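Chemist: Annotations for this protein, taken from TrEMBL, read as follows:
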SITE      A:ALA485  site 'Determinant of potassium dependence'
TRANSMEM  A:6-26  transmembrane segment
TRANSMEM  A:55-76  transmembrane segment
TRANSMEM  A:82-104  transmembrane segment
TRANSMEM  A:125-147  transmembrane segment
TRANSMEM  A:262-284  transmembrane segment
TRANSMEM  A:304-322  transmembrane segment
TRANSMEM  A:329-347  transmembrane segment
TRANSMEM  A:377-404  transmembrane segment
TRANSMEM  A:425-447  transmembrane segment
TRANSMEM  A:527-546  transmembrane segment
TRANSMEM  A:619-639  transmembrane segment
TRANSMEM  A:686-702  transmembrane segment
There are 2 protein chains.
Amino acid sequence: MEAVPYLAVLAAVAALGLAAFFYGNVKKASPGDERMVFLMTEIQKGAKAFLKQEYTWVSGFVVVMAVLIALVIAPLGAVSYVLGAVLSAGAGYIGMTVATMANARTTEAAKDGPAKALPLAFRGGAVMGFSVAGLALLGLSTCYILFVLGTGGEDAFEIITAYGLGGSTIALFSRVGGGIYTKAADVGADLVGKVEAGIPEDDPRNPATIADNVGDNVGDVAGMGADLFESYAGSILAPISLTAFALSIDADAIDASIHVPLLMFPMAVAFVGMIASIIGSFTVRGGTSTDSSALSKALHLGTNIAMGLTLVATVGLAYWLFAGDDFEAPYGLAVSVIGGLVVGWALGKTAEFYTSDHYGPVKKIANQSETGPATTILGGISAGMVSVAASVALIVIGVGVAYWGGQITLEQLALDNPAIPVGFGGIYGIALAAIGMLATTGVVVSVDAYGPIADNAGGIAEMAELDPSVREVTDALDSLGNTTAAVAKGFAVGSAALTALALFKSFEFAVAKAGGELSLNVGEVEVFIGLIIGAGLPFLFAALTIDAVGRAAQQMIEEVRRQFREIPGLREGKPGVNPDSARCVAISTKASLREMVIPGSLAVVVPLVVGFIDVGALGGLLAGALVTGFALAIFMANAGGAWDNAKKYIEAGHHGGKGSDPHKAAVVGDTVGDPFKDTSGPAMNILIKVMTIVALVFASAFV
Amino acid sequence: MEAVPYLAVLAAVAALGLAAFFYGNVKKASPGDERMVFLMTEIQKGAKAFLKQEYTWVSGFVVVMAVLIALVIAPLGAVSYVLGAVLSAGAGYIGMTVATMANARTTEAAKDGPAKALPLAFRGGAVMGFSVAGLALLGLSTCYILFVLGTGGEDAFEIITAYGLGGSTIALFSRVGGGIYTKAADVGADLVGKVEAGIPEDDPRNPATIADNVGDNVGDVAGMGADLFESYAGSILAPISLTAFALSIDADAIDASIHVPLLMFPMAVAFVGMIASIIGSFTVRGGTSTDSSALSKALHLGTNIAMGLTLVATVGLAYWLFAGDDFEAPYGLAVSVIGGLVVGWALGKTAEFYTSDHYGPVKKIANQSETGPATTILGGISAGMVSVAASVALIVIGVGVAYWGGQITLEQLALDNPAIPVGFGGIYGIALAAIGMLATTGVVVSVDAYGPIADNAGGIAEMAELDPSVREVTDALDSLGNTTAAVAKGFAVGSAALTALALFKSFEFAVAKAGGELSLNVGEVEVFIGLIIGAGLPFLFAALTIDAVGRAAQQMIEEVRRQFREIPGLREGKPGVNPDSARCVAISTKASLREMVIPGSLAVVVPLVVGFIDVGALGGLLAGALVTGFALAIFMANAGGAWDNAKKYIEAGHHGGKGSDPHKAAVVGDTVGDPFKDTSGPAMNILIKVMTIVALVFASAFV
């Protein structure tokens, strides 16, 4: 049983090996002709320049936090924090590097049809998927081996929790910065290019096209990679730190037969999930048809296999670790994990229902576009809000099932041993449910990262003015990417809520361990004040990020207009006249970095300030931010997705098709939805976790 | 001291006398020529027909609830419940009757300038203002005399709390039904009339114009009246029931010297507030100029005088009732009341800042309209969300100050007497703060109800094709109405949060009194599940009401289009050709009544169901709904108001004025904002209180 952390290291190394292997696959594919290589290189340069500047800025923040952790918590905590930050940044960087290599190669492969292009795009995504999962698990299990099994001081678990905070810090800034970048460029490119100049999307004449493609990579790839790094690490950390803090209040009363399996199970599930993901990833092959359901089946096969294997293995693990006198029904913990997986899947399906044009809600919004943009907007807002209610119902079921499962297995514990809090088993089950959603992160992220690669491949096909048949293939691959993203989103938002809840409980125990008195009774005025502040914060955060996109987009719009005005022959497409793309890239980079500072810092500074004033108020704040942030995240993501696909549905020829009045109305909806779904919404998930994990790491200092 | 309830009856009767007097004033004014009388009568007929059908439907609901209360709580509770419902409906009916008489009379008076028209419109509004406050206070103090001082059984306070629930039931359905009606008619009239047929607002050719004007009366007058009835009654009830439930857990340990002043103070503040409002209302006189700041000063003089008098008298009351050995610093309770008043005022000013075109946010949205409807929408959403953060900060200050004030005066109590819960004084202070906001309801509602009367007067001037100089005067009066509404809104939303918080605490005590065990610890899974359900409910409620408006508006649009198509000569304005207005009125009525059932019932059914399953989950649900509902209510109200005024700002000649592209973009924003600010937002305040008060009334049954 003690071998589990070492097995986790092994699985992580295997995942990284697989990533390296896929990297080789991608690298040896041809990137196409000179023009395509040029475009690819431009996108790559822009993306790397952004990440370099972003990481430079964030590293300043990381240093300040590290010093604070070293002084207030423990010097080793700073080491663990920096490790989490560096690995998370590294995962984003690797993913982005490969994605910007895979794009042109996918375009080139698309000349031979989807059978060649689909696996290539998938393997490009898989480099990131397995880098993210591999690095996260490697770092975490190494920290565990070094700081818990090794030095093993009293604050060992604060120290490894700081690892999660490191990952979360990078994730927060990457999501906010990358989200602002990608939408500023997108809006700028669309508004001037498509609307004012009347040229198609990804047209090489548009100065913002390169920036737009860079944005896909820094937002959807690097940002998403860092996000999933922190989600994955956080979901494994949450049950570990929960166990550690809950059972350390009266540490002498707990013996190893209880302690050890509880600490090992999360890493063991991660181990089997990783192996299953590796197996699953080899089953993804492209067919010969561009038919969307065949492609979708091919792409999802790997995920389905990985999930199935994980489910079966989890039951075995539960019996292996928990069969014994103290543990009455080992299957309970497997139920928690499986419950999480099923609910995560259902959340993804819910997101798909509300955002895919195969179902009623999006068709209804498209229909509402007949009466103009106002009804389009109201339709999307209402669909997004209803989807909140549906998702709340699912999370409630997930929490209930996972709690029940944990209690079934562990309830004997609290009865036998008064040092173990009543209800601990249930919360442990909830934490496991988040792992259920994320154990197969390797393959889930591979599928997710496939999306922007296919999107970029289409962009390059357009900019390089290739044969329309190539664009047809990339379009088929791309449209698939839009629905696959829904699954990953469901897991991300569901696991965020469950992980945050588990970390929130860990915070409660950590305060108790530090000798503090923490009331989370919302009937008390301090807690209630915290609750209402917490409910208000996600609104402020959303407003700040929306405004940031608006301001950055404005600068982009002015620059694109200027170039069309001042560069003779650009609009007409005179041969040899090229736009100054680099300048657009530089503007997006500068604006988004400047704009990410305030919302990003808010998430870290507010809980610190409130925590040092009153720890009960901080508890209320976390609860308020968690429930409202969850609701707002789903609202914004699904409303945005619904508008996007309503527009695409109309563009596919319904309600008058492209250029019709309903289409214009739908474009308005899509533009409103852009910062909703790609900036504010995804960042909200990280916001709630960052705040909770800050509280947890600093809990002993607050008391 | 025991005379206070009788003094309250006296003040209520005086208020009703004043309402009768103002009614006489309005009635004897001339309603103008035949055409104006015809229009007035049409509006009146439509409004009465709607209210009649609405009340018929709601009375079915009231009967079911009354039976439930009689069976589960106490037969007298049913009496008190029905009384609250009947008086609330009566206040709405009276207000609406007078408003629909005052409109044409104000138009007629406007021929002689604002000096005659302004006081007339104000007095029309004052009939409603003083009917609302008078009936609410009369009913409440009568119930108190009959059921507490009279029969005085053990469940006396459950019985009088049911009075509040009766008022809340009517308020909820009136706000939802009226809100759907007014926006369906408004959107229908604007979209086909202004946009498609290109005829001005309130044009007599538009078949939906009468329905639109009816909507102003059923939504902004009757709906608002019922709303303020329940807010006012609720704010007086909250500290009374709080005292009763908190001190009855161990009733023998509390003597009358503590009990009585705590029960009397709320009614005493209501008494002085009412007298002050009566005095203030006589100071409103119109000047000769149509200059907006002079008019505004004239209109606000009454409110300012009433508030000043109330402040001074409250300090005196605190000393009168609370000077004694047990009560160390009587001024503390006055601080709570005054703190509430100041924070309510500040909330109103915040709303004004974010929604008035004198300040940055609205100007910024108008500026964002230059780049089209998408940026207009994003600007409004962001402004609304930032205003949430500002309002949260104010409420936190209000809660803090009021809590501190209550503790200062009453903290000795808990120390002397262990039967009194620690922190009781602070929560009592919070409940008082809500009274501070609403003590001058009489005059505040008068000013608020003035708005739709002035609006209708303008509509009649337009439809009767009077001299443009008349419209100029009514326009000046009307534009004033838009800003005065902000003050009442601030009080409504602020008092809703504070009242709900106090009722929430009462619920906690009521459960304890009934022998139940209520944990409000959000770290427990039942409470957390409740919290997340509660956070999701306001989103569902908002979506349902937005969709309801959309569906009802769609029917209206089709009918208006049909009439323009099928009635020859209508669009061209051929003399003698009239639209079939009655049919539009009937459509709005039917659609809005059908649409109000589900969202309205939700608010009552959900807490009942959850409460019977698990009382801790209900506690969490109330807390979650309270904080998220508060945030969403402010977001929707202020975003909607900001869009509305951005459009008006552009219409006043900025950014190209009427008909320009920025104007078209701003119209989109305004249309999106309509259901936000006039349907979903205002109903949200009542939603959170109805759910809490349902929980409170049924607390003993849940246990």
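Note that Cβ sites are derived from N, Cα and C of the backbone, with glycine treated the same way.
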Chemist: Checking distant contacts: for the transmembrane segment (A:6-26), what same-chain residues at least six beyond its ends satisfy Cβ-Cβ under 8 A?
Modeler: 94, 98, 101-102, 105, 120, 123-124, 126-131, 133-138, 140-142, 145, 267-268, 270-271, 274-275, 277-278, 281, 442
Chemist: So, do the transmembrane segment (A:527-546) and the transmembrane segment (A:686-702) meet, by the test of 3 or more Cβ pairs under 8 Å (sequence gap 6 or more)?
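Modeler: Contact criterion met.
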Chemist: Around the Cβ of A:ALA485 (site 'Determinant of potassium dependence'), how many other Cβ atoms lie within 10 Å? Please give the count over every shown protein chain.
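Modeler: Taking all protein chains shown, A:ALA485 (site 'Determinant of potassium dependence') has 26 Cβ neighbours within 10 Å.
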Chemist: For the transmembrane segment (A:377-404), name the stretch out of A:55-76, A:425-447, A:686-702 with the most CB-CB pairs under 8 Å.
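Modeler: Ranking A:55-76, A:425-447, A:686-702 by Cβ pairs under 8 Å to the transmembrane segment (A:377-404) puts A:425-447 first.
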Chemist: Can you tell me the three-state DSSP label for A:ALA485 (site 'Determinant of potassium dependence')?
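Modeler: Where A:ALA485 (site 'Determinant of potassium dependence') sits, the three-state DSSP reduction gives helix.
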Chemist: For the transmembrane segment (A:55-76), which stretch among A:262-284, A:304-322, A:425-447, A:619-639, A:686-702 has the most Cβ pairs under 8 A?
Modeler: A:686-702
Chemist: What else in the chain is close to the transmembrane segment (A:304-322), if you only count residues 6 or more beyond its ends and a Cβ gap under 8 Å?
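Modeler: For the transmembrane segment (A:304-322), the nonlocal Cβ contacts are 1, 261, 264-265, 268-269, 272-273, 275-277, 279-281, 283, 330-334, 337-338, 341, 345, 409, 436, 439-440, 442-443.
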